[in-house]
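Chemist: Sharing the features that Swiss-Prot gives for it:
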type: ACT_SITE; residues: E28; note: active site, proton donor/acceptor
type: BINDING; residues: T59, Q183; note: NADH binding site
type: BINDING; residues: Y60, A62, H88, R118, G119, D120, A132, Y152, H156, A159, D165, N168, K172; note: FAD binding site
type: BINDING; residues: D120, Q183, Q219, R279; note: (6S)-5-methyl-5,6,7,8-tetrahydrofolate binding site
Amino acid sequence: MSFFHANQREALNQSLAELQGRINVSFEFFPPRTSDMEETLWSSIDRLSSLKPKFVSVTYGANSGERDRTHSIIKTIKERTGLEAAPHLTCIDASREQLREIAQDYWESGIRHIVALRGDLPQEGGKPDMYAADLVSLLKEVGDFDISVAAYPEVHPEAKSAQADLINLKHKIDAGANRAITQFFFDVESYLRFRDRCVATGIDVEIVPGILPVSNFKQLQKFATMTNVRVPNWMTTMFDGLDNDPETRKMVGASIAMDMVKILSREGVKDFHFYTLNRAELSYAICHTLGVRPDVAR
């Protein structure tokens, strides 16, 4: 390592030390499908809750069974941990009346934060009746929810252009959304350029970077293709030869994410959203690097 790069790393670590106690984190979970997965979920929630995250979110599936599990998990998180629990809510395959009922139920249950999404289109295609901006407007009619929406630094796969995608995000913010959480990414520059473009477009809410600590690189490559996320060549090289070495994969994945959050924090980012995949270890370790710890957390 050159003297210059050593100094850069030292400066990054020093800037992180100065931010201790001023970083906000949040975590995403998904509804488990088996009893073993449920045990892992609650173990992860219990461990990560000690970091006093700003909120935790739970994804929302297309089928009614998974939707019911989301409702149940959200209410249990609130009762069990006292954390702000934010359910994902999608408007695909649901009428306005159904969405209004769901939102009203959440409001009456004390849930005040919702992640509002359009959701995946059905396989048969067709134009949706509602978009995320419409859902944000509907939620604001029900109650003064704190609303998070999705943003795409590398452009949504269905968007006609980067500019059209940005205009769509602005519609969601103008409808009343309080923040945007990005799709995961690995090119930090793509996030920073996107943040600048948001400001230039008049989007004045926090653009929270979504961080995915990678433990299964092959699975990531498949998912990245579907979501239009670029996986840099250097990252492929770092995971090369680790197909049968899950422990080393975790260490590499954590190292990559730690470097990302260090650079982002230097660029003024103080809020991070972690896609945990229902596992605590990597997110917990990265938060420790950020200075978010049980004894110093907000």
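Cβ atoms here come from the backbone N, Cα and C positions, even for glycine.
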Chemist: According to DSSP, which kind of secondary structure is Q183 (NADH binding site) found in, if we only use helix, strand and coil?
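Modeler: DSSP assigns Q183 (NADH binding site) to strand.
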Chemist: Please find which two of D120, Q183, Q219, R279 have the most distant C-alpha atoms, given that the record lists them as binding (6S)-5-methyl-5,6,7,8-tetrahydrofolate, and give only that distance in angstrom, rounded to a whole number.
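Modeler: Largest pairwise Cα separation, rounded: 24 Å.
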Chemist: Return only the integer: C-alpha distance in Å from D120 ((6S)-5-methyl-5,6,7,8-tetrahydrofolate binding site) to Y60 (FAD binding site).
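Modeler: Here the two Cα atoms lie 11 Å apart.
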Chemist: At the Cα level, what's the spacing in Å between Y60 (FAD binding site) and the residue listed as 'active site, proton donor/acceptor', rounded?
Modeler: 11
Chemist: Quick one: give me the count of other CB atoms within 10 A of the CB of Q219 ((6S)-5-methyl-5,6,7,8-tetrahydrofolate binding site).
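Modeler: Result for Q219 ((6S)-5-methyl-5,6,7,8-tetrahydrofolate binding site): 11 neighbouring Cβ atoms inside 10 Å.
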Chemist: In whole Å, note down how far the CA of the residue listed as 'active site, proton donor/acceptor' lies from the CA of K172 (FAD binding site).
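Modeler: Between the Cα atoms of K172 (FAD binding site) and the residue listed as 'active site, proton donor/acceptor', the distance comes to 21 Å.
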Chemist: Name the one residue among H88, G119, A132, H156, D165 whose Cα is closest in three-dimensional space to that of E28 (active site, proton donor/acceptor); these are the binding-site residues.
Modeler: H88
Chemist: By a simple count, how many Cβ atoms lie within 10 Å of the Cβ of D120 ((6S)-5-methyl-5,6,7,8-tetrahydrofolate binding site), its own Cβ left out?
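Modeler: Total other Cβ atoms inside 10 Å, all chains included: 13.
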Chemist: Tell me the Cβ contacts of H88 (FAD binding site) under 8 Å, same chain only and six or more apart in sequence, or just say none.
Modeler: S57, V58, T59, Y60, T70, I114, V115, L117
Chemist: 10 Å Cβ neighbour count around T59 (NADH binding site)?
Modeler: 18
Chemist: Say we define neighbours as other CB atoms within 10 Å of the CB. Which of the recorded positions E28, R279 has the fewest?
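Modeler: Lowest Cβ count within 10 Å among the recorded positions (E28, R279) is R279.
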Chemist: Using Cα coordinates, what distance in whole Å links D165 (FAD binding site) and Q183 (NADH binding site)?
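Modeler: Roughly 13 Å, rounded to the nearest whole number.
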Chemist: Report, in whole Å, the straight Cα-to-Cα distance of Q183 (NADH binding site) from H156 (FAD binding site).
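Modeler: That separation, Cα to Cα, works out to 9 Å.
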